[in-house]
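These features come from TrEMBL:
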type	residues	note
TRANSMEM	27-45	transmembrane segment
TRANSMEM	57-76	transmembrane segment
TRANSMEM	96-114	transmembrane segment
TRANSMEM	134-152	transmembrane segment
TRANSMEM	238-261	transmembrane segment
TRANSMEM	268-287	transmembrane segment
TRANSMEM	299-320	transmembrane segment
TRANSMEM	340-360	transmembrane segment
Amino acid sequence: MILVDDAGGILPAINHSPWNGATLADFVMPFFLFIVGLSLGLAYKKASCRVLATKKATLRAVKLFFLGLLLQGGYFHGLNDLTYGVNLEYIRWMGILQRIAIAYLLAALCEIWLKTDDIVDSQLSLFNKYRFQWFVVIMLTAIYGSLLYGLYVPDWKFQIPTESLSRVYSVKCGVRGDIGPACNAVGMIDRTVLGSKHLYRRPVYGRTEQCSISSPDYGPLPQDAPSWCQAPFDPEGLLSSVMAIVTCLIGLHFGHIIIHFKNHKNRILLWVGTASGLVALGFILDLSGMHINKALYSVSYACVTAGAAGLLFAATYILVDVCGYRRPTLVLEWMGMHALMIYILAACNLLPIVLQGFYWKKPENNILRFVGI
């Protein structure tokens, strides 16, 4: 994600897709959610006290949510003016860490409370043991699909605050089941519940051809750009986070396979079979009109990315656990153990703030200039 943030403008192929479709960057978040779910299967395989485990999981999720709120809610305004603080009128309630916290908590509660005492000795018994968790997956997917394609999206307005005055823009919708940038139910729910002022103000669809003369990169608006090009849209919103929870629960299933099947061959076959089925289902849905879309976290996107994560995990397992090639992955292992620290320092601009924030007399005389950068 750090690579995408820094080089995405130079190499659009690795940057987020402007709307439909998926690029390298669009696999990062689902991969992380997948491995969070897988880890939960290992962490809660022998929870001695469900109530205590629930309290710990809730506390951990709350901490992660508020950390995300602190880092992505607007507390650090920018690197150029080096001003700090937050305007509660425009604080962003959702974000990457907030979504991970929500998915983690729901998956943890499912693992703590929604499993039976059945003995697992086959694929069918594995499903029976965790059948209530699969019911949650089906229910969440049905709720997401029903709201995305069933809600009526009326015309709506938004404001862009400026130093002098705020201009009001209108967006004409009056449709149901639209999955375009302007009139989808994902954005409508966020605008209604969270408020337009509390959404991400630089949405990815600002890089579409309709909204940027430099597409697929950000750029000036075309003369005939529609009004919604300047509207806020949160890529980690409420409805889209429903399918993020599903990704976490799919990862949890892969963790169950580790726990109940000790043979390398059985594990790999189950992982590859499940992952391949998800990828195939995702592409079938995409060809059927339910397009792969990261901003909406569509069902097809959840299937393809979770399946890809499962295939990559199986390949890594073969490389490290079966073949014994651990040394090439030591750097990745270190990054995985310190992922949150790396994310906070680099992706959330804390490291650049430190490097530029301490200077002598003039802001230009900072640590970077001292070392010749």
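Cβ coordinates are placed from backbone N, Cα and C, and glycine is handled just like the others.
All annotation found in TrEMBL is predicted automatically rather than curated by experts.
Ranking 57-76, 134-152, 238-261 by CB pairs under 8 A with the transmembrane segment (96-114) puts 57-76 at the top. Below 8 A, the CB atoms of the transmembrane segment (134-152) and the transmembrane segment (57-76) form no more than two pairs separated by six or more positions in the chain, fewer than 3 in all. Sequence-distant contacts of the transmembrane segment (299-320) (same chain, at least 6 residues past either end, Cβ-Cβ under 8 Å): 22, 26-27, 30-31, 34-35, 38, 141, 144-145, 243-244, 246-247, 250-251, 254, 267-268, 271-272, 274-283, 285-286, 290-293, 326, 328-329. Tertiary neighbourhood of the transmembrane segment (268-287): same-chain residues 123, 250, 253-254, 257, 261, 298-311, 313-314, 317-318, 322, selected by CB-CB distance under 8 Å and a gap of 6+ residues from either end.
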